[in-house]
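Annotated features in TrEMBL:
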TRANSMEM  66-85  transmembrane segment
TRANSMEM  97-114  transmembrane segment
TRANSMEM  192-216  transmembrane segment
TRANSMEM  246-267  transmembrane segment
TRANSMEM  279-302  transmembrane segment
TRANSMEM  308-334  transmembrane segment
Amino acid sequence: MILLAAILLRVWDVGNPVIHVDEQYYLLVGDRLLHGAIPYVDIWDRKPIGLFLIYAAIRLLPGDGIVAYQLVAMAAAALTALLVVRGGRMLGATARGATVAGIAYLILLELLGGRGGQAPVFYNLPVTAAALLTLRLPNLAERRDGRAIVANGLLACLFAGLAIQIKYTAAVEGAFVGIAHLWFLHRARARWGPIVGAAIGWGLVGLAPTLCVVGWYAAHGDLAAFWFANFASIGLRAGYPAGQLAMRLLGILAQILPLIVGAALAWRWRVAPARHRIALAWLAAAVVGFGAIGTFFAHYALPLVAPLAILAAVALGRSTWLLVATLVLGLGLWGIELVVRPDDAAGARAVAHVVAANHRGACPYVFIGDTITYRLADACVPSAYAFPNLLAYSTEQGATGIDEAAEVRRILATRPPLIVTSDRRLSIWNRASVTAEQRALATDYRPVLRVPRSGWHSWVFLRRDLAFRR
């Protein structure tokens, strides 16, 4: 049932190269990594390298990587949903309630920006696995099985450590896993010496993936670049307007409201109090991670969905009205979105076709647009800062470690054969960057293609001295 639901919900996007701007870039970075590029040095982003290694591995599969990453993401979503079902059963939910919770997890992935391969689609899997291992602790402590708790903690912290290298906010949930294991090891009457030893061991296992990455960059002389991209730069970004943040947060709350109601009602019907408290603590950790960045993009709420669904499973099995409301509202919103959202895939491929036919071996420049263009056109990138937002958004000014407008001017000075841009209107454009781009377009380029892209248009400009190839 869960696998079928995952297929039916996600099959509509298979083959779409422009589900979300983020995962286009992850695929591009993964592809460049296979060609020798070093993340944070040769191609820049803030995500941990584990995410790019996933996409690099996906690029080893047949095809251009688009269908492959979407199928792998579908598998990750389905496996996580199965863990949600198992978690619901561990809290005492009925089979029906747990299954609906798993389906609700898949529906909310669709609604909150997880239709494709966003980072939480992948890291929710190891985090949920770690949380389910943590749900075993009350029984292990009751048996005073300290050795089993230590072994359980090693595996759970390893899962958490892997998740941290997909997205760093998973560190909050990893801390919850470690603290819970320490508490229950104490409850199992372990002595302080073994408790301290276990804490050190669990911490080292959880940090091991990140320490390996830090060690690699240090050994290659690139630790400063790694540290700035992964940590220092995050606090340098400008904030978004308060009104915009409030609307994003309200939108998220509206979509997860049925599960919030279910999780609240489940407390009254709890049958495994100790496990229930663990699940609530997990949810609290996920909320802290969600709030830590503070930008409240919809996909940042994806880590909340698994603990909410597991908690709500108990109520979904007891309340028919809640079950029906959750499915009807979720599927209704999903169906409306499926019908009304624009189909931008054909336009994106048309842009890539024109770029592929006209770049002549030189690097085109996607100033505002889809970075999947580089991948589909088999073209080089003109800058390490290939993700358009980095150079085009005012929220990134001073947060990349360079003068963003100066980098735009440097790229334009190389006279790229084509420039991909957009007529989208935003209040957060980097004015100096946009001015440099517009001057270049006005003097040295001519438009050769315009295609619809969401509520605006993507434009392709060809250098004036080049003949247009169709």
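Placement of Cβ uses the backbone N, Cα and C atoms for every residue, glycine included.
Because TrEMBL annotations are produced automatically, they should be read as predictions rather than curated entries.
Counting only same-chain residues 6+ beyond the ends of the transmembrane segment (66-85), those with a CB under 8 A from a CB of the stretch are 2-3, 5-7, 10, 13-17, 19, 23, 26-27, 54-55, 58-59, 98-99, 101-103, 105-106, 109, 114, 116-117, 121-122, 124-125, 128-129, 132, 306, 309-310, 313, 372. The stretch in 97-114, 192-216, 279-302, 308-334 that contributes the largest number of Cβ pairs under 8 Å to the transmembrane segment (246-267) is 308-334. Within the chain carrying the transmembrane segment (97-114), a Cβ under 8 angstroms from the stretch's Cβ atoms is held by residues 1-2, 5-6, 9-10, 20, 77-78, 80-82, 84-89, 120-121, 252, 255-256, 258-259, 297-299, 301-302, 305-306, 309-310, 312-318, 323, 326-327, 330-331, 333-334, 337, all 6 or more beyond its ends.
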